[in-house]
Amino acid sequence: MAGVGEGDSGGVERDDIGMVAASPVASRVNGKVDADVVGRFATCCRALGIAVYQRKRPPDLAAARSGFAALTRVAHDQCDAWTGLAAAGDQSIGVLEAASRTATTAGVLQRQVELADNALGFLYDTGLYLRFRATGPDDFHLAYAAALASTGGPEEFAKANHVVSGITERRAGWRAARWLAVVINYRAERWSDVVKLLTPMVNDPDLDEAFSHAAKITLGTALARLGMFAPALSYLEEPDGPVAVAAVDGALAKALVLRAHVDEESASEVLQDLYAAHPENEQVEQALSDTSFGIVTTTAGRIEARTDPWDPATEPGAEDFVDPAAHERKAALLHEAELQLAEFIGLDEVKRQVSRLKSSVAMELVRKQRGLTVAQRTHHLVFAGPPGTGKTTIARVVAKIYCGLGLLKRENIREVHRADLIGQHIGETEAKTNAIIDSALDGVLFLDEAYALVATGAKNDFGLVAIDTLLARMENDRDRLVVIIAGYRADLDKFLDTNEGLRSRFTRNIDFPSYTSHELVEIAHKMAEQRDSVFEQSALHDLEALFAKLAAESTPDTNGISRRSLDIAGNGRFVRNIVERSEEEREFRLDHSEHAGSGEFSDEELMTITADDVGRSVEPLLRGLGLSVRA
């Protein structure tokens, strides 16, 4: 393919990106530019206020536009004529297409009238926050691509991408071309490609302030549209900057990400400030008045599954999308769940219950696939037991099983407590609860200490509103939501009695017993091993004696209810605290030993936790829990 100024192609030249351009013949005679064309070009340039033959006059844009429009009719093959028309204010897609098409002649007329380098050019809108100046062939191609992308049609996106791809292949590091690639993919809602393009660019120290601001807001928005809210927020946290439109878009995106994170209070603050500054912005007004207004998310897989890569309308919805890697991922999830379940120390009955649960769901789905009658079953669960007995971890295992079997689309688990659901004002609780449930859809909502929702016993407790909202959503989203409630058995029974609809939806119970002292010692040994630590034997004996005493004693909890002291300590959670605190005691002991500063410690010394380390760690832990152990 002939490049710029290369070869002859029988009356048709091809520029460096493969676009067909008419040969410059109409305004040339025997290879020379027609003198009349040169004279008219000089007159038009003066009307733009550009120095011609080192002389200039005040600009007259109307005259320049009229003159260049007439010039393009007689010199339609001259890029400089089209560039002048764009500089005079006509940046219609036809003009920009012509400038791109005739780009191989750029500079021909300018040299005839001795224009300074880059004197003739125009600013064009990229279609997303930034404007670039076009003075040369590749600039004109980008300006045309931007105009194509601004029309918003799949065919135009494809054409624009073809134009820009030809440039980036030759000039991979040119930021202007990379930004146009971002713009095209942004407008076509190809968010994963926007992220790929911007990630290596966004922290470039050579970016000017406006470019850096635009890049961060665009990347944050793309990440949010992919449902990657935490990384999105890192780019949207400070949305202000030199690009005013980007600052508004960034603040709105930040608010909606906070809403997706179920931080409605912070989202509302951002929206209120934004609305005060921009009351004319309809999206901001809608987001402020409607708490269900949020970010529409997709996935890279769904984007790639489009029948037309540039048409968002051909993208499969979440319900219709079949991930080609889903089968392998589901099998991996089931295997992972089995391994995690097998690694648990104790909890034999819990393991059996979870295994039966898996079998029940698996066979239910098989019967459904065969067209056999399937009894309407609820998949919501009650996990009853004291703190630290593995309820949250088993909930994650159940989420993997449900997802691996295809009952749920995600293995995500959203763990919440009363404070996450309850608001301070009328209407706030319903909004917060709905937002929490929205974030848990297609996964598991894990409500720990569920009884706290109604612990006050007051008829006007907002917790009752949260329960009503939860029940309604469990019915309306029964195919997309699994709820697991957790807490002490007696407390959960009281909770289930507060609303007649709860018992019928939570029919499957799994009881989590307190660990035995021997099991807790096993847990301590395993935790230490995973951290490259080891308890000396006497330390393990002391731990078992401690756990046995705590298991035999009772202590009132914060509500005055007598509980096993070991349950108040937190069972497995208490063990983790002991391991971590004992390691700190070991480090302190070694740092104050005779070898401190020399580093002359054996691996055994660096790993061993002694009985004294344990003893010094346990006392402050028990004191912090309000517990004591009788001798």
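Cβ coordinates are placed from backbone N, Cα and C, and glycine is handled just like the others.
Cβ neighbour count for Pro387 (ATP binding site) (all protein chains, 10 Å cutoff from its Cβ): 22. Per Swiss-Prot, ATP binding site is recorded for Gly385, Pro386, Pro387, Gly388, Thr389, Gly390, Lys391, Thr392.
Sequence-distant neighbours of Thr392 (ATP binding site) (same chain, 6+ residues apart, CB-CB distance under 8 A): Glu415, Phe446, Asp448, Ala486.
For Gly390 (ATP binding site), applying a Cβ distance below 8 Å and a minimum sequence separation of six or more within one chain yields Phe344, Leu347, Val350, Phe512, Gly572. What surrounds the ATP site, by Cβ distance within 8 Å of the Cβ centroid and not counting Gly385, Pro386, Pro387, Gly388, Thr389, Gly390, Lys391, Thr392, is the set Phe383, Ala486, Phe512, Asn571, Gly572, Arg573 from the same chain.
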